[in-house]
């Protein structure tokens with residue numbers, strides 16, 4: 001079964017490519033969708049000359065303008081290097097385990113997480129226990145193992161987030177791997193000092209009903225009982241050093257662009273006053289800096305690409321964007337009035353090197 005996060009829809013910018021320049025057609029299309037229009041409205045010049053933008057409309061526009069400079073939509077970047085963190089069972093019940101990992105200083109500075117893998121050792125089931133359950137069909141001999149990130153809020157309440165889920169067979173034993181990249185991404189968003197990383201692992205029956213098997217109770221994750229620490233839960237952290245594999249920030253306006261230019265953010269001005277369709281329709285702003293992502297990204301070593309074959313070549317993309325507030329004129333019932341709208345993901349705030357297929361993390365909710 002593929003990890004859950006591979007099935008999630010990736011966040012897509014309204015750009016032709018990951019870091020491509022915003023076009024006039026894309027800007028117009030976004031504005032029409034926001035206003036739920038099929039075509040550009042026809043507005044009389046005489047009506048526009050009489051139109052006055054009320055103070056409350058302009059105030060709303062200013063508020064959105066300020067907010068757009070603070071709120072950003074985030075994409076996700078890529079990384080390399082390997083680090084292993086040993087964890088421990090904080091609490092265990094028949095079908096639920098609470099794991100704790102001390103994470104402070106485990107992620108190198110100026111690095112980015114590619115993948116975090118939780119490894120748990122599944123103990124072999126004694127033959128006598130299997131015999132008591134009778135002959136199990138392949139379906140009834142499976143259990144669903146679910147991993148959730150557990151966050152303890154400041155008020156003492158708990159919040160869980162689903163991270164990964166997969167089927168395991170009661171007939172198998174050994175190390176099982178779960179993708180917990182998103183849990184570490186959530187943990188990184190916590191304010192300092194951060195609490196340890198808490199992962200809740202639950203084992204449940206896959207099929208419900210009167211004929212469902214109770215074989216899921218046979219699945220246990222614990223120490224092998226071999227040398228000390230051999231069966232402890234392990235958290236593998238794979239990162240890349242952004243000094244080598246990241247973007248460089250804003251482009252140097254003095255330096256010419258070449259094939260070897262490192263990924264950077266380049267200024268690009270969108271002149272709304274020069275667009276025919278915007279005349280008499282878009283009142284504010286007259287234009288804006290949209291920026292675009294240009295340049296190339298260093299590719300990871302072949303060994304890393306082999307470990308994650310689902311990741312494509314790394315590209316220079318817009319990893320953080322901001323909305324664009326506008327004041328437009330709307331005609332309703334023979335009257336023309338101004339209206340404030342906000343177009344999402346119109347201005348590039350940050351460029352990064354990312355691999356096609358890489359995880360796009362969710363924002364941590366309060």
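For all residues, glycine too, the Cβ spot is worked out from N, Cα and C.
As annotated by Swiss-Prot, signal peptide applies to 1-21, with the evidence given as sequence analysis.
Under the three-state DSSP scheme, residue 158 (N-linked glycosylation site) falls in the strand class. Packing around residue 158 (N-linked glycosylation site) is summarised by its Cβ count: 10 other Cβ atoms lie within 10 angstroms of its Cβ, all protein chains included. Here Swiss-Prot flags 158 as N-linked glycosylation site, drawing on sequence analysis.
If you look up Swiss-Prot, you'll see 251-264 (among others) marked as disulfide bond, on the strength of similarity to another entry. Of all Cβ atoms in the protein chains displayed, 22 besides its own lie within 10 Å of the Cβ of residue 251 (disulfide bond).
Annotation source Swiss-Prot lists disulfide bond at 263-316 (among others). DSSP gives residue 316 (disulfide bond) a strand state.
Among the features that Swiss-Prot reports, disulfide bond is placed at 293-351 (among others). Reduced to three states, the DSSP call for residue 293 (disulfide bond) is strand.
Within 10 Å of the C-beta atom of residue 353 (disulfide bond) sit 29 other C-beta atoms, taking all shown protein chains into account. Annotation source Swiss-Prot lists disulfide bond at 297-353 (among others), citing similarity to another entry.
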So which recorded positions are near residue 251 (disulfide bond), with CA atoms within 10 Å, out of 158, 263, 293, 297, 316, 353? 263, 293
Sparsest-packed among the disulfide-bonded residues, when each Cβ's other Cβ atoms within 10 Å are tallied, from 263, 264, 297, 316, 351: 264
How long is the line from the C-alpha of residue 293 (disulfide bond) to the C-alpha of residue 316 (disulfide bond), rounded to the nearest angstrom? 6
Cβ density check for residue 293 (disulfide bond), other Cβ within 10 Å (all protein chains) comes to 27
